[in-house]
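Peer 1: Grabbed the feature section from Swiss-Prot, which reads as follows:
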type     : residues                                             : note
ACT_SITE : 380                                                  : active site, nucleophile
ACT_SITE : 514                                                  : active site
ACT_SITE : 516                                                  : active site
BINDING  : 13, 146, 147, 148, 186, 187, 188, 189, 190, 191, 222 : CTP binding site
BINDING  : 13, 186, 187, 188, 189, 190, 191, 222                : UTP binding site
BINDING  : 14, 15, 16, 17, 18, 19, 71                           : ATP binding site
BINDING  : 54, 353, 381, 382, 383, 384, 404, 469                : L-glutamine binding site
BINDING  : 71, 139                                              : Mg(2+) binding site
DOMAIN   : 291-541                                              : domain 'Glutamine amidotransferase type-1'
REGION   : 1-265                                                : region 'Amidoligase domain'
């Protein structure tokens, strides 16, 4: 039977509930337990697919094509377990399901209400499909006190009563701010947050307290007294240098032991922390460093590229180097010469994105990398812009563009309407709902045996995750290849270009998919490991 850990947050948002959940899951895994993590998001959107990156950050795509919260990326990276559509629910999906049931008559004429219908739908989501797991961790998005979160908090309160005794534990993540004028940490915000949570009917078993300095024993006793938790269950969560130090830090503070104790599991299997210690050692003891320019559209909010950032650091781990990121807004290159920005970097990465803004700047970045022989990694939109650059400057198609930017006589990049998914042909209407017109999830690609990318993968058959509406137009393939841009990877039916590369360039690869979504600290994605390796070689030339 699965045991449930419900993780809530208080005082302020962005405390790191997702990292906390992922770290705890990793610690339980290290003890040999089978763990699943689920995210409950209170917003009314059906999924984050159409939300602005500045509002939400990255949209993390799973193998089965779900557009989910970026925390699921942390879950995958920390546990190695691929997430799926059933690991993330939103208020929007809950209400959509309920309205569909009401229209079908499933409620037999009953008045549909938040309690019991909404809360029952949430509980069903939490409990479904957990037969193969020892622990299920449920992170509740938002902050205690948010009106949007009330149905979710009520649902997990009910579950605490309905589940067998001893199979549900509540962890509350809070903040102890330091007040310089007083020269001390303050417990009152945490006390009020717990009071709010208790007023809903949830009594936390464990307090995980964020702080930027050691919490005095007197403050721990104070929190224990006023929040009605054991003193040993007041766990300090101090700031650490990297997110991959969090599992080690939480283990030293006794979080995993306290959770197991709350479930009455004693003695518990000892954890194996060696691989986390190895990752931490490599991060803190690099043998060199490289600088990668990320020429993007949403550089004002780094969370928009969360998986990309982590994958680059994984590439650094594979090569035992520190990876420094130089963030460049692509629009800058539309009014300024790229050379002063790019001459000192050791690699250029143009990530995915949507829309015309910044496109010309990304094209200029691809041109600089091609002409100066600087390692270039184009992902999704970055591959498309590299193809447009080649069409303009190598093939001589001056009007080469993308139909995403408006009508064009030379659509080197165009809207997809159909593609193969396994043996089935999937179709999308261009006029359909914005959230349902993309190629989403894991798809197969076939690589040329003699290509550089096949050598990097060590295989000619790969499966990678996609999130795009537009694709390089195969009608331009022959002319681009004649000019030197090799279409090294194609969809199994040979219709959709998946990867491109230059044979005469040290490292210039574009991919239509998002390899960053499958990178792990213990298993760096081969493309990122190879890209950083090429950047190391470039660093010796700069």
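Glycine residues also receive a Cβ, built from the backbone N, Cα and C atoms like all the rest.
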Peer 1: I need the CA-to-CA distance for residue 469 (L-glutamine binding site) versus the residue listed as 'active site, nucleophile', whole Å please.
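Peer 2: With the alpha carbons as reference points, the distance is 10 Å.
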Peer 1: Rounded to the nearest Å, what's the C-alpha distance separating residue 188 (CTP binding site) and residue 17 (ATP binding site)? Just drop the number here, would you?
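Peer 2: About 20 Å separates the two Cα atoms.
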Peer 1: Going by C-alpha distance, which of the binding-site residues 16, 147, 186, 384, 404 is nearest to residue 139 (Mg(2+) binding site)?
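Peer 2: Nearest in space to residue 139 (Mg(2+) binding site), counting only the binding-site residues, is 16.
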Peer 1: Of all the Cα pairs drawn from 14, 15, 16, 17, 18, 19, 71, the residues the record ties to ATP, which distance is largest, in Å?
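Peer 2: Largest pairwise Cα separation, rounded: 12 Å.
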Peer 1: In sequence order, which same-chain residues at least six apart have a C-beta under 8 angstroms from residue 191 (UTP binding site)?
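Peer 2: When sequence neighbours closer than 6 are ignored, residue 191 (UTP binding site) has 223, 226, 227 within Cβ distance under 8 Å.
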Peer 1: Nearest to residue 380 (active site, nucleophile) in three-dimensional space, by Cα, is which of the binding-site residues 17, 71, 190?
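Peer 2: Nearest by Cα distance to residue 380 (active site, nucleophile): 71.
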Peer 1: What whole-number Å value do you get for the CA-CA distance of residue 383 (L-glutamine binding site) and residue 14 (ATP binding site)?
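Peer 2: That separation, Cα to Cα, works out to 33 Å.
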Peer 1: Measuring Cα to Cα, how many angstrom lie between residue 516 (active site) and residue 404 (L-glutamine binding site)?
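Peer 2: The separation of the Cα atoms works out to 24 Å.
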Peer 1: Let me make sure I understand the structure: which of the binding-site residues listed (16, 18, 189, 353, 382) has the fewest other Cβ atoms within 10 A of its Cβ?
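Peer 2: Lowest Cβ count within 10 Å among the binding-site residues (16, 18, 189, 353, 382) is 189.
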Peer 1: Near residue 14 (ATP binding site), how many other Cβ atoms are within 10 Å of its Cβ?
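Peer 2: Step by step: centre on the Cβ of residue 14 (ATP binding site), count other Cβ atoms within 10 Å, giving 10.
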Peer 1: Suppose the ATP site is 14, 15, 16, 17, 18, 19, 71. Which further residues of the same chain have a Cβ inside 8 angstroms of that site's Cβ centroid?
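Peer 2: Going along the sequence, the neighbours come out as 9, 20, 21, 74, 139, 173.
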Peer 1: Could you tell me the mean pLDDT over the domain 'Glutamine amidotransferase type-1' (291-541), as a whole number?
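Peer 2: In the predicted model, the domain 'Glutamine amidotransferase type-1' (291-541) has a mean pLDDT of 91.
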Peer 1: Sequence gap of 6 or more, C-beta under 8 Å: which same-chain residues meet both conditions with respect to residue 222 (CTP binding site)?
Peer 2: 187
